[in-house]
Amino acid sequence: MKVLTTALLLVTLQCSHALSPTNCDASEPLAEKVLDLINKGRRSGYVFELLRVSDAHLDRAGTATVYYLALDVIESDCWVLSTKAQDDCLPSRWQSEIVIGQCKVIATRYSNESQDLSVNGYNCTTSSVSSALRNTKDSPVLLDFFEDSELYRKQARKALDKYKTDNGDFASFRVERAERVIRARGGERTNYYVEFSMRNCSTQHFPRSPLVFGFCRALLSYSIETSDLETPDSIDINCEVFNIEDHKDTSDMKPHWGHERPLCDKHLCKLSGSRDHHHTHKTDKLGCPPPPEGKDNSDRPRLQEGALPQLPPGYPPHSGANRTHRPSYNHSCNEHPCHGHRPHGHHPHSHHPPGHHSHGHHPHGHHPHSHHSHGHHPPGHHPHGHHPHGHHPHGHHPHGHHPHGHDFLDYGPCDPPSNSQELKGQYHRGYGPPHGHSRKRGPGKGLFPFHHQQIGYVYRLPPLNIGEVLTLPEANFPSFSLPNCNRSLQPEIQPFPQTASRSCPGKFESEFPQISKFFGYTPPK
């Protein structure tokens, strides 16, 4: 018995490796590639850009290296499926939102080649800091940034109805998700800036593949006195259209996520525009123009003080190289290194009806609105518990928003969620099915099936106020091993490190240096 115990202990010690702290600045090139893989695997929200590496550890075994990274990020203005360059994503004089976040990531590399990099899992938390930075007592325009944009699906549908009136080819499209909503109040007007995704629901009413979807920005304008959001005085809307089957992978770095799936990409098709209320109507037919050379937004007009920004007549045309967002999957050990299986049974799901909180209060006080669904998170996959960088910054856990869940490809060509009218607000921002529902699609099964190999989550938390700091994501990833694949040494996935590397955090790179204070620690000078 003692011999057996000793043997088991030796095997355990061989498979377990102490994590080595590493330099955050030196880890930045790899962190950029890891974040690129995360962006390419997402189907909702906005592209993350790296602000800095805030912590970095690694574990080596043979030719494999497992990285444990904490990445401070900022949301760009580019939707995750857009092919535009960052400078071209936002129209001139359009209200933007500053959203910061942190992602805890476990990634594996088998060699120094970028195609051998894979993401094993990640958790992210995000919060808007726009109100804290932009609204002052002297502000001529007050801006409200709503964390629960799904409450404005009606406004998104109204804008899309206007767009479909002027663009008959889009009759079969429906609102997929309200992504951002900003309210601007000043002068005699109140404007709502609503950004949302849409998808084609029929193969019969669109002259392209059914796997077509798009992203729209709509401006709904009201008189300052009105409280009726059902009848805007004017609606301006522009949409981009994408088709994931137009092009295959053109990226130098193929994302590997651990399981075999078709490789898909998408291509931005020509922008169509629609405006009403004494504006010139503009409707462009679908097409795919070549990208312009040397696009520069330096001539973008600045917002005049006291004036509410208006939607421009058209958005900048497509620019930038095609980017692959659909991950490829491969079980084979002959052509590519194997990548880790994500553990099963660890998905946060929506569990409470609208208006009922699963927790008592929010870390930042009340929501902008009074009725939100809240999540029931299992251990290990929610932003609760202890954090590797110290105590919880607020003394509370981040309640409220759940991670993004369902995928555009989880639905058929014309398969809106059953037994609901545009979701009826039941599950906000694509969070998964209630407990007890199958994650696989089938008759009578969950409204929002998770993709069967989703390995990461993004939690949208309430906006931050002056003096508050971002709630960090949970880093207690479940323990799991990489497939053997006849390799002599395989690193065991270790618990996420609980102490920060002495060579961290890295240099804070941002055009918004004032946002560093929302991360709860002072960046190195």
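Keep in mind that glycine also has a Cβ here, set from the backbone N, Cα and C atoms.
Listed in Swiss-Prot:
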- 1-18: signal peptide (SIGNAL)
- 19-122: domain 'Cystatin 1' (DOMAIN)
- 41-84: region 'Interaction with ATP5F1A' (REGION)
- ASN112: N-linked glycosylation site (CARBOHYD)
- ASN123: N-linked glycosylation site (CARBOHYD)
- 135-240: domain 'Cystatin 2' (DOMAIN)
- ASN200: N-linked glycosylation site (CARBOHYD)
- 273-447: region 'Disordered' (REGION)
- 293-303: compositional bias 'Basic and acidic residues' (COMPBIAS)
- ASN322: N-linked glycosylation site (CARBOHYD)
- ASN330: N-linked glycosylation site (CARBOHYD)
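Each residue contributes its Cα atom, and for ASN200 (N-linked glycosylation site) and ASN123 (N-linked glycosylation site) those atoms are 30 Å apart.
Remark: secondary structure over the domain 'Cystatin 2' (135-240) totals 21 helix, 49 strand, 36 coil, with classes taken from DSSP. Around the Cβ of ASN123 (N-linked glycosylation site), the number of neighbouring Cβ atoms within 10 Å comes to 26. Regional average pLDDT for the domain 'Cystatin 1' (19-122) in the model is 88.
Counting every protein chain shown, 25 other Cβ atoms lie within 10 Å of the Cβ of ASN200 (N-linked glycosylation site).
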